[in-house]
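Summarising the annotation, TrEMBL assigns active site, proton donor to Glu246, Glu488. Taken from TrEMBL, the feature active site applies to Asp379, Glu513. What TrEMBL records for Thr599 is Ca(2+) binding site. Per TrEMBL, the feature disulfide bond maps to Cys442-Cys474.
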Amino acid sequence: MPVASLLPFTVTPNRKSASPTSFRLTEKFILLLVFSGFITLCFGAIFFLPDSSKLLSGVFFRSSSVEAETRAGTVSDTSTGTGKDEKILAKIRKDHEKALIEAKDTLQKRPDEIKQDINSDKAKLVQNRQGKGDSLPFVQYVRPPGATGHEPADPDAKAKRAKIKEVLLHCCYRFISALILEVTPQEAFSNGLLSYLSTGSLKGATIVDALDTLYIMEMYDEFEAATEWVESNLDFNMNAEISVFEVNIRFVGGLLSAYYLSGKEVFRRKAVELGEKLLPAFKTPTGIPWALLNLKSGIGRNWPWASGGSSILAEYGTLHLEFMHLSELSGRPDFAEKVMNIRKVLNRLDKPQGLYPNYLNPNSGQWGQHHVSVGGLGDSFYEYLLKAWLMSDKTDEEGKKLYYDALQAIEKNLIRKSSGGLTYIAEWKGGLLEHKMGHLTCFAGGMIALGADGGPDDKTGHQMELAAEIARTCHESYARTSMKLGPEAFRFDGGVEAIATRQNEKYFILRPEVIETYMYMWRFTHDPKYRQWAWEAVQALEKYCRVEGGYSGVRDVYANTPNHDDVQQSFYLAETLKYLYLLFSDDDHLPFEHWVFNTEAHPLPVIKKQNPLKET
């Protein structure tokens, strides 16, 4: 169509007053006005017309439908364009009417319905984003054997298991109510009991730590409520410094376990997302990760008190199980590579007396102070050497050798027997023994029992005996207190055996390690004393630790009346109660040949040689 036909009037060349130059200027001015009006109309369509993107596709771009019609000869005159304009206007009116109806319907909905719609839209957005290349690889989920159990045939075990389930319900009903009612933790725990709801500034530790326990105890309504909270509220995009170790064992471990038990994809997605957030911690000259990490900046550092800025053995050595599973579920080998590199660094170092000091400098790759402990600062490193081998379906021969070599050095240098016949594991400081054993060290009885079958043939029986002796010593630390609950640490010196002598070692914070050893010893021996000892602990917990809003630690287990610390640690739900429940369950509930527990008692499946969780 000629441009002149678009003008509101015709310019006559024969007008004497119009010189050629003035004509050209006038024409340019008019064309500029017309073009400006056209641009204004287009931008008005962009900002004010619904579905304007489809309108503009025919203005600024030649759409495939128009091209098809042109090739077919169907776009030929202005009458067709007029018909299309009418259709467009009709569509605009229809879209406006639809939007008004939707707005009216939304205003009539209840707040919870509106929230549900918003969450649904969020989920669709995530799916759309994943469809554009951000998704995890498809994994065919197959629930590992023994994820759910059945009622024990023994009526006594059945009744005690039911009681432990009631304990969990009492522990968590307030925080589950907090999720459902959307009240603050302060309102939920109105009696003053504080739940350990966060790890640093990362919220939700109790919820994530308790997920698999809820599922294992078949508290599915509470599990679904917690799952919804994770889906909607668990957010890792924050400017906060966290402990890499604590976040890994509680959050990554808890999310992985919840995925393997339930098959819910949200847990796999969240676990991998958080794992990716932790990767910058490994950006050190040696690849030994920092203890602390800012989730936003990716800047890491170590605890200032840790031997000149060293990394801690039990922290950097307790990532292996979770990171191997992150590689399995994400298809990314870098998770596994990070933890395997830690072994390479350790293998290059000389070990004093075959022992692993608690401190390692991540810059120089050299040991810090020569302090050795199978309790705090060292404990779970040894546990993960053994469990790495077991979780690999016993193919990780390096992990196996490292564990049994370390156990041999521990037995030679740290394990001692008191004059009263109690076997204990001392701490080693620069070649000198401190005859103290922490509550944390009591996990070692279960660890040694778990690994006894894989040791040298002539060592299996000996290691089971050693495990039983450690279990007995830890039981004595409970039996020798007024409350029948164990202190944080106990000593073997000055004629004292299995008793805390310092005030700052007399507290009990609902720790699981003694119960953990009882559970392993029961599974391997079925000696009824382990169930008896565990039930004694349940009765003591009920008598001295139960409060209105849950369970609280106590400040002095040798006192006659409890002085509560008003803290319910998340590991009480994740570990202590889970181990108690399994102790009174049949052995086919989370059987050891198919499951390995991380150090926070989150069960992870053995990665079979022919893994059923295949990427397709």
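Glycine is no exception: its Cβ is also placed from the backbone N, Cα and C atoms.
Just so you know, TrEMBL annotations never went through curation; they're auto-generated.
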Do you see any of the recorded positions Glu246, Asp379, Glu488, Thr599 whose C-alpha is within 10 Å of Cys474 (disulfide bond), and which ones? none
Measuring Cα to Cα, how far is Glu488 (active site, proton donor) from Glu246 (active site, proton donor) in Å? 19
Work through the recorded positions one by one (Glu246, Asp379, Cys442, Thr599) and name whichever has its CA nearest to the CA of Glu513 (active site). Cys442
The residue listed as 'Ca(2+) binding site' and Glu246 (active site, proton donor), Cα-Cα, nearest whole angstrom: 10
Would you kindly give the Cα-Cα distance separating Cys442 (disulfide bond) and Asp379 (active site), rounded to the nearest Å? 10
Using all protein chains shown, find which of the active-site residues Glu246, Glu513 scores highest when you count other CB atoms within 10 A of its CB. Glu513
Cα distance, Cys442 (disulfide bond) to the residue listed as 'Ca(2+) binding site', nearest Å? 13
Which residue among the active-site residues Asp379, Glu488 has the fewest other Cβ atoms within 10 Å of its Cβ, if you could check? Glu488
